[in-house]
Each structure stands twice: as C-alpha cells, then as structure tokens.
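Right, one structure below, let's go through it.
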Amino acid sequence: MGTHQMPPIMAAPGLLGNETVCYSGTMITTNGIFVHEDPMGFSLPIFIFQLVLIVLTCRLFMLLLKPLNQPRILAELIAGIILGPSAMGRFKWVANVAFSKSTLALLETIANIGILYFVFIIGLEMDLSVIRKNGKKAFVFAISGIFLPFLIGCAFSFFLHHKTTMKEDTFLIFFSIFLSITALPVVSRILSEFRLLDMEIGKIVQSAALFNNTFGAAFVVFVISTAESQTIFSTTLWVIASSIIFVMFSIFVVRPGISWLARRSTPEDENFTNFTISIALGGVMIFGFISDSIGVHPSFGAFVFGLVFPNGPLAVTLIERLEDFITGFLLPLFFVSSGLKTNVSKIQGASTWFTLIMASILSSVAKVAGTVLVALSVKMPFREGVALGLLMNSKGLAELIGLNHGKDQKVIDDTAYAMMVITTIFMNAVITPLLMQIYRPARKFVPYKRRTIQKTKADAEMRILACIHTPRNAPTIISLLEASHPTKKTPISVFSLHLVELTGHGSATLIVHNSQKSDSTAINRMQAQSDQITNAFKTLEQHTNFVSVQSLTSISPYSTMHEEICNLAEDKRVAFIIVPFHKQPTVDGGMESANSKIQMLNQNVLVNAPCSIGILVDRGLSGSKSLTAGQVSHNIAVLFFGGPDDREALSYAMRMSEHPGNSLNVIRFFPGPNAVEPTMDQSHDLNDTGILTLQIGKEQDKQLDDDCIKEFRMMKATDESFSYIEKVVNSGEETVAVIRALDNIHDLFLVGRGEGIISPLTAGLTEWSECPELGVIGDLLASADFAAAVSVLVVQQYVGVGPNDDGIGTPDNASQQEEQCIMASVRQ
C-alpha cells in the first residue's frame, strides 16, 4: 500500500469569529475505515452525519413543542442552539468533530440553497392580484406595524448597545428594524396551518408583511453598506436602483416568457417535460446569482422569481415536487445553522435579559395596538385586528437572513446576534398560542343571520354555494338553480366551486376566476374542466335574469376539503350549500360510485357546515338544457315527515313553486292508529328530565311542522300548480309502499335528511340504509331498487349553537349533531 499523501490545504475565514480555518480542498469522500481513514474527517460523510442529527433533533423538539402549539421554526432554532456552543458545543468532540468550524461552510451553503427554493415557493403561493387589490390597506397596516416598534427599539437600544462591540448607531438601527420587521415566510406557514391563506385576513396580512419585508430589506442593505469601512453611501443607492430595475425586468420580461413556456410545453397528460421543470428550477439559481451580484441576499432574487411566476398548473407542479424536500430537510438546516452560531452565554447579566424581554413585549404590544387602531378605522372587527397584529409580530426567516448577512460582513458581533436570535424565539413562542385563543377560525363568529333558506327573507338575496367535482355535475345543479325562481326582489347569488383533489403535498389553493376574462386555451385537464364549468355557469348568468355567478376552484386534499368549503361558505355568507352525491347514474339506470372519498367529504360537510346543506342525487333533472327562464318545467314532490330538515326542504320547494313553469306536490305522512312508537330503554326513569325534555321537544317540533304547513297552504290556496296530500301509515313498510305508488310524473324529490329523528314512519328502514348521509328516506329514493329514475335533493337545515344563532356549530361527530338538532327544537 502506497504512502497516503495529504491533499492540498485551503484557508477560509472562520464562521464563528475572525480566525482563519484550514480545511482540505479534495477530502470529499473517504476510502473507508479499512485503510485507517476516519469518515468524520471528510466533507460528505460529516455533512450526512450532520444532516441526520439535525433532522432527528428538530423532529424531537417539534414533538415536544406540539402540545404547546408552537411553530416549526421555534423547534428548529432551539435544536440549533442545543447543538451549538450554548449546550452540546461545549463538549470537545461536538465542537471539534461533529460541528467543527471547517464543516460549517458546506452546511451553510446547502442551507442557503434550501432558503432560495423555500422563498421561491412562498413567492409562488402569493397572488399579485391580491396584493394589488389590498395594496393601499396593506400598506397602511405595514406602516402602523413598523412605526411604534421602531421607536421602542430605538429607546431600548441605548440600554443594550454597550453590551456589544458594535457601533452605537449601527446597533440602534439594526435592533429597531429587527423588532419592526415581519417574517413573511413564517406568516405564510402560520396562515397555512390555520387555513387562513384564502381568508380576507390572510390576504391582508400577507400583503402587509410583503411591504414590511421590503422596507426592512432596504434598511438592512443601507445599514450594512454604510457600516462597512470599504463602502460608501453611493454604493447603497446603486444597490437599491439595481434592485428596482431587476424587479421591473422580472415583471415585464420574465413573467411573459414563463407564461409562454408553460403554454407551449404542457402535454395533454398534465405532466410537464423535464426541460420545463429544469428551466424553472434553474431560474431560481440564476435569479439568486443576479441578486447576490448586485449586493442583495440571493433569497431576494429567488422570491422575486416566485412572485412573478404565473399562477397555474406549472406553479402547482413545482410546489408539489419541492415542498416536502425543502421544508423537511433543507429548511431546518438554515434555522439550525443560525442556532449553531448563537452563543447564549454571550448575553450576560440579569438586567440584559430583563431588557431584552421587556423590549420584545413592548414592541409586540405596540405592533398589535397600531394594527388594531388601523383595523378599527377600516371597520374591521376588533378580534381580527388583534389577530392581524399578532401575525405581524412573526419573526424568523427574513430577520435571520439579515442577521447572518450582517454577521458575515462583520457588522454584527456574537453578542448582538445572540440577543436577536433569543428575541426571535421569545416572540414566536408567544404568538401562536395567543392567536389560537383569540382567533380560532373553526369557532369564529360571523355577524350574519340568514344561514338557512327558511330564515332568508322573501324579498332578500339568497346566496348559494354550488360544489362541483366534474363538468358532469354541472347541468343538474344549473337546472336546479334556474328553477329556483330568481326575481328582482329575490335574486340569487351563486358561488360555483370546482373541487380538485390535491394529490401532492403542496398547500391548499383557492383560485378565483375572472368572469370578464376572455377565453383562453386550457393547458391541462384540470384547467380544461374548470373552464368548462366556468363557462356553463357564465351561460346561466347570461340567460337567466337576476342570477349573479362567481366561479372558483379549490385545490386541496379530500381529508381537509370540507374545511375549504365551510370557510368559503361562511366568508361569502351563503344560506345553502349544494354538494353532489358520490354516486352517478349508469346507462342501465343503476348507480355507480364515482369516488368513495366524495362520500367522506359529504359527511364532513354535513357535520361542519355553517349553513343549510343539500346533497343532490343526479339522475338527469329534466329541462337541464333549458336556459330561458320561461322554458323551465319541473314537477317537484316534497316528502314531509316532520322536523327542521323537512321544513327546510319545504321552504326551498316553496321558493321553486313560485316559478310559473313548476308544479309542487307536498305529501305529508302521519302515523296511523296502529303505528308502534319506538320503545325507550326501561332502565330509564320516566321522570328523568332528559326524557321529559325530549318529549316536550317533540311536541314543540310537531307544532312547528303544523304551523309551517298551514302557512304554505294559505300562500298557495289559489295556486292550481300546488297540491297537498296527507298519507297515514303505520310502519316503515307502508311508507315505502306509498312512495313507490306515487305517480311517475315527478322529476325532482325534495326530502329532509331527518338525522336524529326517531319516528314510527321509518321504523325498520334504518338497518337497510347504505348511505347514512342521505337519511333513511333519501337513501331509499337514491337506491337502485327504487324504480323511478328521479333526481333527489336531500336537505339538512343549519341549527346554531346559541340562542341568537350567532355562531358556527362544529360538532365532532354525527351524534353531537343530533343532540344540537334536538336542543334547537326545544329552544324553538
């Protein structure tokens, strides 16, 4: 065996100080332990070891902090501090081998590559049209969130700067900017976790954070440029001017070019070519290089590239391919590397710690106070103003990039660096728990009352959210909407929502389609379907008077798609949600399941819906191709068994009966003398208050049914197209016989879901039910055994959780939903 020659030695500035660190320029991989070479002395093995250790440590702290509702950035920063000189770094092996100074250069290089692609993803997920729409309001929020914290930072810097070796004016500006700036990527991650990205507050805070970040980045460039002895003030002006030119070039040249490339390179199978993906990924590096060349951190260029990147399937594909790898492996490297450079022992003295904590608290309170004042001035609810202020206090990526850049340029010393990292940890640790207590989207209260069709006034607009999975769902829903009798006094506002499954692991996306936009060639199957659905509803709007339509597309996994539907329904203040049944008719008259996940989605929407909901069983509602209001002709039947759901179904049917082309037949079922009431458990005390309350509730519910029927019969007393029939049955078997014996003239059945109602009219039918989301009668009408091929609308009425019906009911399961229905009946 030949003599092993030492590779040439190279020198580089140390990352933890001003010393020089020597490392090998060719020691990449080892020849193995059998030739007596230590793998920990070679760059690739040591990097792999560091990566595994970092990921495992981050996951451990994420697991520990999850019960405290802490964001991921907090776990990653703490993991870095534990592995750094503040804790584990005090051990000789960790400091000299595992995380030696010579290995941190490669670690930071890879970490910064991760940062480039992460901010690129953030830019991809942002919508420039939203920023333009909320620009003025967001700018005011950004300024209000900067001014007071900046003043507080200036005041406290006088007590802290003497603890560092920095210039007084440099520390003052840097510390003040640090307290004022908002971390846009961290805000985006929190909004995504809270599912607020598509809500109004999410759009405002993202736009405000973008302005805030721009302000902070400009000041950081200014401070670093003027603080270095080898630079002059004119350099800063050149950097800012070059950045503006760079942004303009990206908007007016690069964006159209990427749009052209996306249109030209998308095949019919929706899979982009490797060339297109390579151009997009390579563009991130190119923009980062240009940004670094003009004197700004490379992440600025990557973010600009993502921001000007056109929305569409290519952006979605890039997010799906990048997000897991970047957020799971590369992004933690940056935060951990920041923690590795943090030496907490540099912060000495209880007074210093007290001053830091006070500065953090006061600046946070000041930012919230300024934001709330602006929120109240624009008539935003106080609770949302506080939540927005808390989100604007998010710290993380942007600040750490500035800190690392300043430390690399020797503008910031170790003590100041540690102070600001600790401040980042403290402020982020407080934000999310407070936000969950103050503003929890799943429990927020929205001041609108018309959550049901029955409570919607006769002379008021009715808002309907129509959910569509494929263009095949559209004709019957459109036919139902045009038959709902929109008039000048009772217009209908329709929100058509195309539901698309997110098969990757990207963030859920809500796309708002521009109804005025001229038709363009679809570049993939999803867009082609969205265009087809949008055009169908646009035709409805053009040919049916007093109908307004807004088309949207929601891209999310089926497991959380119900949250997107419910959030949109509440945001748009709709009274009725229409969702398609998961089965579709076949040629031979049967029913086949299109997607079993849709059934789970419908069940989730039923439990969490903030308004009434209808499941539409599509069997080709006749007249679906008629777009002229006078041509609509439907024979509608309502099977009325009693209860809030049946009253809601009847309310909708009565609205439809006002249409001159529709006829309505209401069949009410009564229990006969031989009907057997459901038996109660004999173990219960007959004097039990729960049973007594339930009995009173039934009686009151029956009275409401009688009043509802009486009112509608009086309204239709002279209407020949309206008929009312009463049927007396003694069992569920007789009920089925009556339904089967109905005339075959009907093309639409309306029936209440009736979940939680125990009745002798349906006794014995429950055990045969295949689809519980339709209720007993709805399941019978939708089954293949039912001879008549008639479309069915199964209706569930929204029941509020408070006496004034001012909150959203979000029960955890169906039984809780039943309890709410019963209690609501008692209250009424």
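Just so you know, glycine gets a Cβ as well, placed from its N, Cα and C.
Curation does not apply to TrEMBL; its annotations are automatic.
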TrEMBL annotation (transmembrane segment) - matching range among 300-318, 775-793: 300-318
Contact set, same chain, for the transmembrane segment (42-61): CB under 8 Å, 6 or more residues outside the stretch: 23-24, 27-30, 72, 75-76, 78-80, 82-83, 97-99, 103, 106-107, 110, 328-329, 332-333, 336
Annotated stretches the transmembrane segment (300-318) and the transmembrane segment (325-341) touching (3 or more Cβ pairs under 8 Å): no
Leading contact stretch, 275-294, 353-378, 415-435 vs the transmembrane segment (73-91) - CB distance under 8 Å: 415-435
Paired segments the transmembrane segment (171-192) and the transmembrane segment (353-378) in contact, 3+ CB pairs under 8 A: yes
Overall pLDDT of the domain 'Cation/H(+) antiporter central' (493-628), taken as the mean: 79
Same-chain residues at least 6 beyond the ends of the transmembrane segment (353-378) whose Cβ lies under 8 Å from its Cβ atoms: 137, 140-141, 144-145, 147-149, 151-153, 156, 159-160, 179-180, 347, 384-386, 388-390, 392-393, 419, 422-423, 426-427, 430
Long-range Cβ neighbours of the transmembrane segment (415-435) (under 8 Å; 6 or more residues past either end): 68-71, 73-74, 77-78, 81, 160, 163-166, 171, 174-175, 178-179, 186, 190, 194, 338-339, 341-344, 346-347, 352, 356-357, 359-360, 364, 387, 390-391, 393-396, 399-400, 403, 407
